[in-house]
């Protein structure tokens, strides 16, 4: 065994760990970082970045189909092997570049599974690392479903490494992973099915806009079955995959070339042996206070998906990493405001949201106006022949402030950020309407939504 001593040990090299490690090293601390997976984290290697690369091809196919016979003469098609090769140009350089960056910053890199052996010691293979303080930023993984045959499911990481796209795919779950990858696979030529056990998919988004997206999803040839719970998976003697489910209590059986787990993720804490360090945690993550400090171990902080706080979004992880490091270095003084966190579902069309939904605003007793309309006939959607688009905006009656914005349609993922800026600056809707936007742009539609 090799013994090493550090001021700070960071576990995880994604957005939640990298920022903290660099910040602590820049402050003069002796810092180590460890990861059981290739350096870079979920977003850069297995999540949002490569996903967006793949989605770009699906968008091209979808738009070519929409404009076929309206100036476009031929439908675009996806070459899956070429698309995977293009994706790898983004992901393959990351681990080496990330590790070199750590070394240049004076951070000591380790590879392997980190397991606490005491309150201030962690074992990584043959190395024992002792540290005064820790940042846990291990990200998330697909949560166990607890059903027979679930080992036959692939996860989102597996999907993004498929060398060939099978003829048919089934996604188990109805969240953003299911919808994004289902739209991608359908545009790439696969027969696609989504099985969701609830009555409504994408439960964190406004129901009216989800309904429009659900219609667009089915119009794209994707089969969506709600109130359908997968009970087990099996293989036939000739190797064919079967999903055994219940729809409204009635037994159903679905064949599938491949089945993808898209039914939720959980913090990746199982291998850390947190009990040995006395670090309290739940299924939601490490139990932390408002400063992202462990409630049971004052020398441990957690950031990103590993912490039981905030949203499982990359920008949140990066911000949390800053806050955790600042509090670790200077004492607890910074907290995160989770109030304005835009999010997007990169299906086609894109669904995006920021701020309060109508149900939450009502629950809080706020008095507000709801601006809601279908925008398929607006120029932004009509010029692309987008089949479904809409918006919903909540405006507080007394202050004229925007409480929430919810968009479906072209460039929704960009326009939602402008709503976030207006909300952060506390601009009344009347003031936003006075602004002059470049035209014709999706952003210029904002004034007609308020």
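Backbone N, Cα and C define each Cβ position, glycine as well.
Here TrEMBL flags 52 as FAD binding site. Look at residue 52 (FAD binding site): DSSP puts it in a helix.
What TrEMBL lists as NAD(+) binding site is 173, 174, 175, 176, 177, 178, 179, 180, 264, 305. The number of other CB atoms found within 10 A of the CB of residue 175 (NAD(+) binding site), across every protein chain shown, is 20.
Taken from TrEMBL, the feature disulfide bond applies to 43-48. Counting every protein chain shown, the number of other Cβ atoms lying within 10 Å of the Cβ of residue 48 (disulfide bond) is 18.
The domain 'FAD/NAD(P)-binding' annotation in TrEMBL covers 6-319.
Positions annotated as domain 'Pyridine nucleotide-disulphide oxidoreductase dimerisation' by TrEMBL: 341-444.
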Alpha-carbon spacing, residue 264 (NAD(+) binding site) to residue 48 (disulfide bond), which is rounded to whole Å: 15
Of 173, 264 (the binding-site residues), the residue whose Cβ has the fewest other Cβ atoms within 10 Å: 264
For residue 175 (NAD(+) binding site): DSSP state (helix, strand, coil): coil
Recorded positions listed as 43, 52, 177, 179, least Cβ neighbours within 10 Å: 52
Between residue 175 (NAD(+) binding site) and residue 43 (disulfide bond), the C-alpha gap once rounded to whole angstrom: 17
